[in-house]
Amino acid sequence: MNTAPFKLEADFASALPTMAAPWQGEEAPNPELVILNDDLAYSLGLDPTWLRTPEGVQFLLGLNPEPLTKAVAQAYSGHQFGQFVASLGDGRALLLGEARSADGVLHDIHLKGSGRTQFSRGADGRAVLGPVLREYIISEAMHALGVPTTRSLAVISTGRKIQRGSVAPGAVLVRVATSLIRVGSFQYSNISGGIELSQHLANYTITRHFPSLVAELSAPTPATYVSLFKAILQRQADTVGKWTRLGFVHGALNTDNTLISGETVDYGPCAFMERYRGDAKFSSIDTYGRYKFENQPMILGWNMARLVETLLPLLGATPDEGMTAAQEALVEFDDLCEQAIRKEFATALGLDESDTGTVEQFRELLYLHNPDITTLLRALTDNTAPPSGFEAFVHDWKTQDPDIEAMRAVNPLFIPRNHLVEAALADAVEGNLEKFHELLAAVTNPFDPTAGPDELRLPSEEGFEEDYMTFCGT
């Protein structure tokens, strides 16, 4: 056997065994590595050469015990479209363990589509190639755009044919996160283990994500957990600020899809708008627009309220003190989101974040004229003609001496536009990955004009977005 040159840790499984069910991936009849993210593998101390061996592919499927310590399915609850489900968990996923990057940070190595677990609730636990490649390309694009996100390490085709409306090739996604601790993780700890387990999970979260609070864990006080909650709020606000600047619609902001780290997770029904509008939604199952673009800050606030409900006994010496502390922190979330959004747009416009007047004027024009935000911001960056309705704004904006070099670093030329992603995936599931690799090269170097052909910069044809719909699909 080709021995693995690394071994994963089992940090989560060891620290929180009641939230981790030991499990193993499903055997694949004819596994084949479709794509491997070499740079990400190197950064995590994982040898790409070994990962390409048969033993490496088995490891990526959760089957080779050599580099594994204790693969587990994680337990969590969740509000899905506002409805609480007490036991969700990894129904088709596995945490293989954690890899430690050169800076000492632990990263979850996590499978999606690895087969049934005890949380599958009757589903087959599998995933199909198109949606798996979709998550790969969009998550890596988001990383390149500077958005906190889970990342994609590999895609493996399983050789299995999966029934999803039509027959599709089976696949497994190997994704990476600084952790997959969710709001739903705290909801599960609260109902299954009460405040003792919730405090244990909170302490573990601090060690994984908030090192400035670690020193307080030797003798934690209510202030420790208030600080934790405030830090989580800030991370959510920072992320939604970036989504808002980029015109990104997540589409499934359930509490089980809201990571404590602030990283974006679950790219099934997401989309990038090409007409900037508050009512934009693309998910086929978001019938009433709960997760439409303009609702994202509000929904994250709602999710944060569900989180703090699980922490109330930790936030004060008495129930009243805990409730007061929670309310005082939570009431600030709207302002945190607004500050983050204004900061993002100020940076995109090359202005100081204190210039709120210009930023607000720009935002008003976005909702009035519904431009393609990517094209518009690059037009400003490159001093080309802006779309109709922005002429007067641009004239005034230029008088403020915007920092054009700073703008070049944040305003992309390439994003994973919906029509381009769909075309690449349609070819990929038929075995032709040429368009996929071409688009991946462009969107992972989004500020480099030489990263892809000019047609990858262009919006879709008129009318495409009006009919475009996304599906979880996996």
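Cβ atoms here come from the backbone N, Cα and C positions, even for glycine.
Record check: Swiss-Prot places Gly89, Gly91, Arg92, Lys112, Asp124, Gly125, Arg175, Arg182 at the ATP site, and the matching candidate among Asp11, Asp266, Asp279, Asp286 is Asp266. Asp256 (active site, proton acceptor) has its Cα within 10 Å of the Cα of these binding-site residues: Gly89, taken from Gly89, Arg92, Asp124, Arg175. Neighbours of Gly89 (ATP binding site), defined as other CB atoms within 10 A of its CB across all chains, total 24.
According to DSSP, Arg175 (ATP binding site) sits within a strand segment. A 10 Å radius around the C-alpha of Asn257 (Mg(2+) binding site) takes in these binding-site residues out of Gly89, Arg92, Asp124, Arg175, Asp266, in sequence order: Asp266. According to DSSP, Asn257 (Mg(2+) binding site) is assigned to a helical segment. The recorded positions considered are Asp124, Asp256, Asp266; of these, Asp124 has the fewest other C-beta atoms within 10 angstroms of its C-beta.
Looking only at the binding-site residues Arg92, Arg175, the densest Cβ neighbourhood within 10 Å occurs at Arg175. In this entry, Gly89, Gly91, Arg92, Lys112, Asp124, Gly125, Arg175, Arg182, Asp266 make up the residues listed for ATP, with the farthest two CA atoms of the set 23 Å from each other.
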